[in-house]
Amino acid sequence: MAASVFHQAIGTLQSHGHFNNSGLHHEQGDNYMRLISKGFKVEIGLSKRGCYRSVQRNIGVVQASTSQTSVFEPVLSPAKSNASSSQKKSNEAALILIRHGESLWNEKNLFTGCVDVPLTKKGVEEAIEAGKRISNIPVDMIYTSALIRAQMTAMLAMTQHRRRKVPIIIHNESEQARAWSQVFSEETKKQSIPVLAAWQLNERMYGELQGLNKQETADRYGKEQVHEWRRSYDIPPPNGESLEMCAQRAVAYFKDQIEPQLLSGKNVMIAAHGNSLRSIIMYLDKLTSQEVISLELSTGIPMLYIFKEGKFIRRGSPVAPTEAGVYAYTRSLALYRQKLDDMLH
Ligand SMILES: O=C(O)[C@H](O)COP(=O)(O)O
């Protein structure tokens with residue numbers, strides 16, 4: 001597999017006229033092949049995470065997928081590329097969204113909303129699997145809701161991250177909490193990731209449906225009525241929040257607190273809920289109140305966005321470690337992955 005992919009990548013690079021065979025040599029390890037020519041390195045890894053490849057030259061990085069090379073980054077002189085890449089760095093950031101893993105009330109098919117229930121064993125496994133999928137994507141800050149199922153998901157996912165930084169929940173609910181949770185080592189702080197829990201990211205409040213069985217509720221009020229309560233934009237459940245009302249707090253928090261972090265180049269992960277995330281995705285993808293009705297989020301499946309020059313570009317769900325796929329989503333992410341590989345090998 002690696003050989004064919006390897007030659008395919010080379011062929012594609014040659015077709016871009018960005019490659020010459022002079023001084024070409026290659027190294028082969030147990031599960032990787034590396035092709036090196038002047039200023040160029042193509043590596044195919046067959047790690048246990050599946051087949052990955054990174055192609056790097058001192059003036060650009062090729063992004064490739066098992067089917068074809070997708071794009072060759074602008075070719076700049078190293079000096080400029082440093083400046084532009086650092087400038088690009090501040091314009092580009094990764095945003096990961098994860099709906100919590102299955103909760104005990106999801107398992108019982110009960111409306112949960114703002115009731116604070118933990119994950120099931122399956123939900124724990126989903127959170128860990130999600131962590132494997134994002135294990136090569138940089139995370140500088142984590143935001144969760146104030147509910148334990150989202151916080152458990154974030155912490156469990158980060159146990160799989162290859163950078164091994166320590167997520168630390170920030171306690172600033174009182175002056176004493178802030179004072180008693182201080183870290184007095186700059187080096188230790190550098191090895192940690194602040195986690196901010198915000199009630200504004202809580203699941204939509206399901207009002208008088210909370211605790212009711214979804215099927216029984218549909219039997220009682222009718223399937224259409226329950227679908228309307230669950231998925232419409234502006235129709236609230238009895239004494240609960242509509243998606244629009246949920247968006248007023250969740251999207252406002254995202255814009256006020258999270259977007260400035262992305263703008264400064266910080267990579268962010270948000271672990272939240274089916275509906276609070278639907279309201280945020282509606283904003284990111286500019287969905288209409290009609291389009292959002294069909295938006296469904298599975299538990300524990302991470303979604304990646306790239307924030308670049310003030311725009312959000314949806315990049316799908318990072319491949320699972322068992323799937324043969326290529327990691328490189330953008331130049332920065334490919335280089336980050338490369339650094340992790342170099343650091344950990
Ligand atoms: O709050 C709940 O019950 C779930 O988290 C989401 O429920 P829904 O998919 O019915 O909106």
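Note that Cβ sites are derived from N, Cα and C of the backbone, with glycine treated the same way.
Around the Cβ of His100 (active site, tele-phosphohistidine intermediate), 32 further Cβ atoms fall within 10 Å across all displayed protein chains. As annotated by TrEMBL, active site, tele-phosphohistidine intermediate applies to His100.
Listed in sequence order, Thr112, Gly113, Cys114, Ser145, Leu147, Ala272, His273, Gly274, Asn275, Ser276 are the same-chain residues six or more apart from Glu203 (active site, proton donor/acceptor) with CB atoms under 8 A from its CB. The annotation active site, proton donor/acceptor is assigned in TrEMBL to Glu203.
TrEMBL lists 99-106, 112-113, Arg149, 203-206, Lys214, 230-231, 274-275 with the feature substrate binding site. Sequence-distant neighbours of Trp105 (substrate binding site): residues of the same chain at least 6 apart with a C-beta under 8 Å from its C-beta are Phe111, Thr112, Val115, Val117, Gly211. Mapped onto three states, the DSSP output places Trp105 (substrate binding site) in helix.
According to DSSP, His273 (site 'Transition state stabilizer') sits in a coil region rather than a helix or strand. The site 'Transition state stabilizer' annotation in TrEMBL covers His273.
Note: the Cα of His100 (active site, tele-phosphohistidine intermediate) and the Cα of Lys214 (substrate binding site) are spaced 19 Å from each other. Arg99 (substrate binding site) falls within a strand segment according to DSSP. Residues Gly113, Glu203, Gly274, taken from the recorded positions His100, Glu102, Gly113, Glu203, Arg204, Gly274, are distinguished by a CB atom under 6 angstroms from ligand 1. Summary: among the binding-site residues (Arg99, Arg204, Lys214), the fewest other C-beta atoms within 10 A of the C-beta are counted at Lys214.
When other Cβ atoms within 10 Å of the Cβ of Gly274 (substrate binding site) are tallied across all protein chains shown, the result is 18. Sequence-distant neighbours of Glu102 (substrate binding site) (same chain, six or more apart, CB under 8 Å from its CB) are Leu119, Thr120, Lys122, Gly123, Glu126, Thr299, Gly300, listed in sequence order.
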